[in-house]
Amino acid sequence: MGSKKKIHSFQKISIVGPCTLKLKELFGKVAKYALGFFLMYALCNISHFLLKPYSQPRITSDTVIGLLIGNIGFIRNQVTDSASKTLNFIVDFGMICYMFVLGIEMDPYILFKEPTKDAKVAYCGMLSTFILACAITPFMHFTEGFKVDFTLSLSTVLSSTASPVLTRLITSLKIGKSDIGQLVIAAGMHADFVTTLLLSIGYVFCPVESGDKVVETSKRVWRSIEMGSALVIQTLFAAYVSPFFMNWVNNENPQGKPIKGSHLVLALAFMALVISCSPIYGYSPVLSAFMAGTFLPREGRVSKWVVGKINYLLTTIFYPIFFFWMGYEAVFRDFQPGQFGTWGRLFVVFAIATIGKVTGTVISGKLLGFNWPESVALGLLLTTKGHFHIYLAIAAKTAGKTSTSTSTVMVIAIFFTVVHAPSVVAQIIKRARKRVPTHRMSLQLLDPSSELRILLCLNGPQNVRTTINFIEISRGTVDPGIVVYVTDMIELTDEIAATLVKEEEVDTMTVTHTGVKEMRDQVTTAVQTYVGESGEGITLRRLLALSTFNGMPQDICILAEDSMVALIILPFHKVQRPDGTLDNGHSGFRYVNRKVLKNAPCSVGILVDRGLGLIEKLPRACDHSVSVAVIFIGGKDDREALAYAGRVARHSGVKLTVIRFLVDASSEAATRPGNYTVSRSEKEEEMKLDDECFASFYERHVSCGQVAYMEKHLANSAETYTTLRALDGQYSLIIVGRGERVNSVLTFGMNDWQQCPELGPIGDVLSGSDFSVITSVLIIQENSLKGQLDGLDDDFSIM
């Protein structure tokens, strides 16, 4: 029995053993390659994250990681011959999908239209680069002996632009809505389409033969005829027959309903059928996918679905594999760095792509009236190459057309055509800031010879006296004067809306509500009386912000932008009671103030009136009977408050005192690191701006005795609070900045117990219920920079 059991056990092992080993080997390979994929995926994303502060596109980090990982000896040894073949198949299939999507996004009928501005730029850049490449590349020995087909192909590739990479780059750098951004994207797509189309047509006449295979002339001609005929039939079928089928699928699957699975399968099978027509006769599947995609319908749910899904698969799965394949094929040990010709070829390829494009765009810019710096920037951006060009560089080596060294040189040159693009865009934005008046509505940068324009808002007749006194202290000198847009903020109720009358042939409404008309007449009469009696140098305008509280902030911002004012003054939402304290306030007007602070195109001031309106008439005699103080700690808002205080200082009846809060150098707070949300360099830059601004103010106003000056050396926010409380009752008006200060140690923690955060920490303390009942407060915020480009509108114009 024992021997039988042993025999039985031996037979079991002999049957199952090979299967188990095969499965282990298979699972081991799958696990190894899956681990390699996830490693590549993680490294690509980490490197992209690290390069993100430098605005580098993903292709640059992916290229670096691919070249490094693909040349590590241990990793290369893990790739067997069968794995290498599989890798090539995956890359070829991925490029077919890539080129198909690229073709769908192209419009072939632009070739039959009159050339637009972007087409002219693209043609000039392509032509100059092509001529330069044809003249130089034959002497650089990229191949063994002179080959016409390779020279023409390389010249065409150098003339092209990777429109997907360029479009993504321009969009991510936030200039896609500008005129130069739109022009470079359109020119890039035009150049990409034309050059890829030329390569697709040229492949018919000069097909790539792998290795050193020599084909007889007659067979080559016959093969070209076959490929050309198949390509023409495929193109005509895609252009004239496929719309009927695709429109039927789209009509059967309207928007709002899921696409039927059977229809989706039919559509995908139809696309695959169209793509595979010409490759049957030896045409390149990658170029066939581009030609098919170009002439298939771009509109409709199916096409958009396919583009979205393929782009997702390319980004998440294909690109890590593609760049590993690139690094694996671009072997560094065959790069031949010791030979002068290697570096010469690298320099020449990059120089041709750059100089050729820049020359063409400068010529076209001269003809079209562009500024030469923008023309140069266009050329530098249009040199951008991408995934298809990397694929062609490696494919040329695989087909035996070039050496590994030359192929690697091309890959590195492609990398350098992309890496400089963020710097070019930064220069474009820098020039745009100089030419576009992005800060025209800022007190600090207001030309002293220009009039000050203020949008002065009020809630009703109760603010009239305050309005007049504010105009008086802000008026400055007669020349250049001041323009004040006195604006009534009135909530649009159903009762008022019923009285609105639309004027004929004019897009305006007339308010006929009796209460509104009487209130506006009362305000107008009072302000006009003041201007008539003593308003030399004052220009008065009347505006109305009649809207619901939700729409009023937008109306005020539009009025400010249309009027090109430098400062909006809003009344505080709380009103002073007869006993001097402030009431609970109006939530609607508080909402308006907060939204205007957030979205205003200029600087904004919130005026907390606690006695400024009680002054019957500000004297003009040099008696300094009205005491005003400005508190300066630092930051852009305090600099703006100081700029406004410079206007107030010109009034002969105002005694202005500037109080500067400084960190006590002997305190522990001065030596320990602050709780800053900005970098050290930004902090130092802000402090430099503070010192320059204050020094300029001191020289103009303090040194001549026009303004009094005080310094307060404080250690922390507790001492700041104590110092502010000590100012109780000493001044009729205190001017402060809302926030954004560098010396946050002096205000640190004060935000935690603010009652009105829209006033900032200092303004909140001064306007608190336990502060003086006779001191008004003006809180000023410098304009929040518009757009996403640090003060530059996204749709800026520079061309």
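Quick reminder: no glycine exception, Cβ is built from N, Cα and C everywhere.
Looking up the ranges 343-363, 595-615 in TrEMBL, the one annotated as transmembrane segment turns out to be 343-363. Relative to the transmembrane segment (310-331), the listed stretch 89-109 leads the set 89-109, 121-140, 261-281 in CB pairs under 8 A. In this chain, the transmembrane segment (183-205) lies apart from the transmembrane segment (30-51): fewer than three C-beta pairs between them fall below 8 angstroms, excluding pairs fewer than 6 positions apart. Here the transmembrane segment (121-140) sits apart from the transmembrane segment (261-281); fewer than 3 CB pairs are under 8 Å, leaving out pairs fewer than 6 apart in sequence. Proximity of distant same-chain residues to the transmembrane segment (408-429), defined by a Cβ-Cβ separation under 8 Å and at least 6 residues beyond the stretch ends, is recorded for 54-57, 59-60, 63-64, 67, 165-166, 169-170, 173, 175, 180, 326, 330-332, 334-335, 342, 345-346, 349-350, 353-354, 373-374, 377, 380-381, 383-386, 389-390, 393-394, 396, 402, 789, 792, 798.
Tertiary proximity for the transmembrane segment (89-109) is limited to same-chain residues at least six positions away from its ends with a CB under 8 Å from its CB atoms, namely 163-164, 189, 192-193, 196-197, 271, 275, 285-287, 289-296, 298, 303, 306-307, 310-311, 313-314, 318, 321-322, 325, 387-388, 391.
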